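A quick write-up on the structure given underneath.
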């Protein structure tokens, strides 16, 4: 529930990619025999080179693993179990055409899925994208450059000679809504974005830095504001290719002037709650929209944070 106070509020909903819909069954990652035993009846998620999957009627389309091979290939990653205990694996492979013409299947990447997916599908696609992206770029050890091979059912890679094991890298980043504690919030437009497209301020956490310190530093660097009372809201995996977005809100002073020193931000402005509500009512980002303010798509934690603040009274 959203707090009615303008100074503090909570997320009204869990971001799509943060929802839990499948059992990760992580114990099976170290018991490859047990994981492989479920292969004959397992489901297979194909993710192509453009990180697209097949989706129909709000669900990701899963094939039969046994049609790919009689056992899990080395490059397959184990995603867990869905309802009924069925195992699900993912591979980087071309998408298979659907034989049934009555199934309205389309190839969509994770950014374009929006709210068309159920919780289980979003979790499976998010995990598969993150893991497969990592495997694509981690075939050699970060320690000594030696070739590595998949282990733990795709959740790590090992140097077969030394036994050195490496795990998927995650890059934490903060994302923050700056508001005045009353009726206004800051939204900014990156230099690479079209006119009217605004979102929250975000940036990667540096070595030796806390999330809260990162929030203050990034906002100061990007728009020149000094913020205080930084408060945590929630988090969301963002596998593009390997980020974890950690959401906050913080107080800022509308009388302080903006400054843009690092070149990332083209403009920033204070928007009233009514202006944001009107933009939300107009829908997701779209250059064809007639809205004066275009906001992030529904898949992002930025959208959920903005919606939650806008709902405050």
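Each position is counted from 1, following the chain as shown.
Every residue, even glycine, has its Cβ placed from backbone N, Cα and C.
Some features that Swiss-Prot has for this protein:
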{"type": "BINDING", "residues": "111, 236, 237, 238, 239, 240, 241, 242, 243", "note": "substrate binding site"}
{"type": "BINDING", "residues": "202, 222, 264", "note": "divalent metal cation 1 binding site"}
{"type": "BINDING", "residues": "218", "note": "divalent metal cation 2 binding site"}
{"type": "BINDING", "residues": "218, 222, 264", "note": "divalent metal cation 3 binding site"}
{"type": "DOMAIN", "residues": "168-293", "note": "domain 'Nudix hydrolase'"}
{"type": "MOTIF", "residues": "203-224", "note": "motif 'Nudix box'"}
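Recorded features from Swiss-Prot, shown on the structure.
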{"residue": "111", "record": "substrate binding site", "Cβ contacts under 8 Å, 6 or more apart": "240, 297, 299"}
{"residue": "202", "record": "divalent metal cation 1 binding site", "Cβ contacts under 8 Å, 6 or more apart": "173, 174, 175, 176, 218, 245, 302"}
{"residue": "222", "record": "divalent metal cation 1 binding site", "Cβ contacts under 8 Å, 6 or more apart": "188, 201, 203, 260, 262, 264, 265, 268"}
{"residue": "237", "record": "substrate binding site", "Cβ contacts under 8 Å, 6 or more apart": "17, 18, 126, 130, 243, 244, 245"}
{"residue": "239", "record": "substrate binding site", "Cβ contacts under 8 Å, 6 or more apart": "110, 126, 129, 130, 133"}
{"residue": "241", "record": "substrate binding site", "Cβ contacts under 8 Å, 6 or more apart": "130, 133, 134, 137"}
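Taken residue by residue with DSSP, residue 241 (substrate binding site) is part of neither helix nor strand, so it is coil. Apart from the site residues 218, 222, 264, the chain places the Cβ of 201, 202, 203, 219, 221, 223, 262, 265 no farther than 8 Å from the centroid of the site's Cβ atoms, the recorded divalent metal cation 3 location.
Least packed by the Cβ count within 10 Å, out of the binding-site residues 218, 264, is 264. Using the Cβ center of 202, 222, 264 for divalent metal cation 1, the list of other same-chain residues with Cβ within 8 Å runs, in sequence order, 188, 190, 201, 203, 218, 221, 223, 262, 265. Between the farthest pair of Cα atoms in the substrate binding residues (111, 236, 237, 238, 239, 240, 241, 242, 243), the distance is 14 Å.
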